[in-house]
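Contents: one structure, followed by commentary.
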Amino acid sequence: MTASVNVIGAGLAGSEAAWQIANQGVKVRLYEMRPQKLTPAHHNENFAELVCTNSLRANRLTNAAGLLKEEMRTFNSIIMESADKHSVPAGGALAVDRETFSKEVTEKLHNHPNVEIINEEIDEIPEGLTVIATGPLTSDALAKDITKFTGSDGLFFFDAAAPILEKSSLDMDKVYLKSRYDKGEAAYLNAPMTKDEFYNFYNELIKAETAELHDFEDDKFFEGCMPIEEIASRGAQTMLYGPLKPVGLEDPRTGKEPFAVVQLRQDNAAGDLYNIVGFQTHLKWGEQKRVFSMIPGLENARFVRYGVMHRNTFLCSPEVMQATYQTKKRLDLFFAGQMTGVEGYVESAASGLYAGLNAARIAQGKDPVIFPEETMMGAMAHYITHASVKNFQPINANFGIVPKLQERIRNKQERNLKISERAIDRIKKFKNLNFD
């Protein structure tokens, strides 16, 4: 008789894990504590809620995130199917309407005959075949039990969400529509700054007052979602080479590159909401209004949501995990998602896909499998389980963790495309060999 699987948490990783398990013909009990109990970062009860940006990053095969998406599509990923269906214009990136996207994921799982949804908080690791995908905001009780199980303290860092503005409140005479280097369709609103405007803004930003941290939080940040004020504290040049870099964003009205540019990205399908790209923040709300209104075109901006900041936790995976996403101590227990040390929406969902498929195999009496290291999913699983225990940090999908090609290709784009083509070939063969 085929065993059933518990999946704890219906975020990106948990939703994907449950979907993959169910599609293998295995019964799933999907536990989600919302809406009975909310986290500091979630705003609704839908599954797979995007709590930071609405962008799933690049969609091209010359980019590691684009390759990861394509690998997931090979396995009929619920996250990728829903993202593709509810995409909004974002140049060469894949961005989604966050409301309709998460609603689609929720409805698909509710309607799957092999999925049972249970709305309750789990405060200790269950017995039996289980995938824990409770994410960076794992409840205190469960986090305590996980720490007891792993025998190691969790590491802490922060994710920070950018403000969302009403497009109708922006001064369209001061901003212009363009994607960097004109890649894809012109999907970003760009607010150009002169040198004086930039330094006036910068000087106010570094003086702005931040919200008080909780006593369990410290000042560790992950580079991928660093607050804008923390970037500014490292110097003006850090901003000019980071989120405010003007390269490839010539102002069509002058034909010249501005001194600095703030980009705004469409946040919903209707196109009436925009978020400020790279402006995740922990500033007090009044300070956000004051300082961000100094950006040209945003003088009278209406904030639909101010930026917020919240704690994240992740395991020391090289010490705790195997490349199958099983734990070393208990082979019927899997972890998936950001708490394993993969960083990013797509990476989290991909780890859920990987863990879910292996949990389904065990439920069917089969051995778990390790994805080929030439694939991005396989490379990430290998990295998080073989990295230095002492210096382990979260990681995004990147070509640096994938084995090199045998042939030497100087052109970076051509090389990346060749790596992606090899990965897609490997993953299709791997799927045909191991999964129905």
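Cβ coordinates come from backbone N, Cα and C, glycine included.
The model shown is predicted, which means the values in this text are computed figures rather than measured ones.
Database features, via Swiss-Prot:
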BINDING   Gly9, Ala10, Gly11, Leu12, Ala13, Gly14  FAD binding site
Cβ atoms near Ala10 (FAD binding site) (within 10 Å, other residues, all chains): 29
Gly11 (FAD binding site) - helix vs strand vs coil (DSSP): coil
Among Leu12, Ala13, the most crowded of the binding-site residues [Cβ within 10 Å]: Ala13
Neighbourhood of Gly11 (FAD binding site) by C-beta distance under 8 A, where only residues 6 or more apart in the same chain count: Phe47, Ala48, Glu49, Ala133, Thr134, Gly135, Gly337, Ser348
FAD site, defined by Gly9, Ala10, Gly11, Leu12, Ala13, Gly14: further same-chain residues with Cβ within 8 Å of the Cβ centre: Val7, Ser15, Glu16, Ala17, Phe47, Ala48, Ala133, Thr134, Gly135, Ala336, Gly337, Ser348, Gly352
Chain-internal residues near Gly9 (FAD binding site), provided their CB is under 8 angstroms and they sit 6+ positions away: Tyr31, Glu32, Ile132, Ala133, Thr134, Gly135, Thr138, Gly337
Cβ-Cβ neighbours of Gly14 (FAD binding site) (radius 10 Å): 31
